[in-house]
Amino acid sequence: MPSDFPPGQAGIHARFRVDYPEFSLDVDLRLPGRGVTALFGQSGSGKTTCLRCMAGLAPVSDGYLDINGEVWLDSAARRAVPTHKRALGYVFQEASLFEHLDVLANLRYGMKRVPPALRRVDLEQATGLLGIGHLLARMPAGLSGGERQRVGIARALLTSPRLLLMDEPLAALDVQRKREILPYLERLHDELDIPVIYVSHSPDEVARLADHLVLLEQGRAVASGPLDALLTRLDLPMAMTDDASVVVTGEAAGFDPGYALLTLQLPGGRARLRFVHQAAPAGQRLRVVVHARDVSLALQQPREGSILNVLAVRVLEMAPAANPAHVMVRLDADGTPLLARITRYSRDRLALAPEMQAWAQIKAVSLLA
């Protein structure tokens, strides 16, 4: 089966059919050949099974896998590259380190799989990206959970993979450890040209890390597309969660040193956001996340108040939220998508309806790396 991607354009084509007594996976995915693709869904939706198929660890009754032009599986041609010959890195929920080896020896073990001439990630780069240079002489027993996971990720990178698979790498960590490790994962996203398939059931993780999103339900892909497009679809489950949010990319357009306020120009030209942050070069692209719970609506422009960001918006559609007392409202701010979660009482009091003009008051903006 030839690749379906245009000449010169990288991509991943993953088609798997897997049958178990009580579960089946049947997906046909066309994914970007770079950046982070998140597989999102409830437990039992098929996320890990899909990852195991990519790694060659699950029996596939019918399938095809092309990683940027390199075919690892083609059932029709009876071709299946064994797992140990697939240039992939696999990061599990808990790092499986060799307890009798120090961190440096664990990392060097990952490098042994790759001939020196084929290494695309070196030791200095991996330790720098994950911030573990000071841990090289430590034994695994002396590492925190977050440190162990960072070492495990670095070891996976040192195999110089063409594909990095990450199966809920933060699931075993407490909130503080997750906060510590997320910036390092964002650095991988920004600085390495390795496609990542990231399994998670955390909307916040997906919003911070992913470029592309695949939603799985009962072994089927119910939606696949750019993250910003799928996050605002009210017919999909992510918009119904307590952490429902949008991710917006803009450009730094000014800084007020007296108040430490950075201005972000949003796509479309007129809408801007301001938030407390350090200065950034003019024109630098930045990503921010805005949670639906932090957006309120008004019919008249608020003139006085403590909320910095008030944007003119158009109501696009509304849908019931997970909590029956609330509704989700999809908005357009001069081309920038937003979500608001408001009470049904507020909807009725404001008599909101599609195509109405309103004002969105954004209480909080979080900058992503």
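Placement of Cβ uses the backbone N, Cα and C atoms for every residue, glycine included.
Taken from Swiss-Prot, the feature domain 'ABC transporter' applies to 7-243, supported by sequence analysis.
Its own atom aside, the Cβ of THR48 (ATP binding site) has 19 Cβ atoms within 10 angstroms in the protein chains shown. Swiss-Prot lists GLY41, GLN42, SER43, GLY44, SER45, GLY46, LYS47, THR48 with the feature ATP binding site.
Look at Swiss-Prot and you will find 304-369 tagged as domain 'Mop'. Taking H, G and I as helix, E and B as strand and the rest as coil, DSSP gives the domain 'Mop' (304-369) the counts 7 helix, 37 strand, 22 coil.
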Next on the checklist: What are the sequence-distant neighbours of SER43 (ATP binding site), meaning same chain, six or more residues apart, C-beta distance under 8 angstroms?
Outcome noted: HIS201
Next on the checklist: Centre the Cβ atoms of GLY41, GLN42, SER43, GLY44, SER45, GLY46, LYS47, THR48, go out 8 Å, and tell me which other residues of that chain have a Cβ in range of the ATP site.
Outcome noted: THR49, HIS201, LEU216
Checklist outcome for this item: Counting other C-beta atoms within 10 angstroms, the emptiest spot among the binding-site residues GLY41, GLY44, GLY46 is GLY44
Checklist outcome for this item: Under a three-state DSSP reduction, the secondary structure at SER43 (ATP binding site) is coil
Next on the checklist: Under a three-state reading of DSSP, tell me whether THR48 (ATP binding site) is helix, strand or coil.
Outcome noted: helix
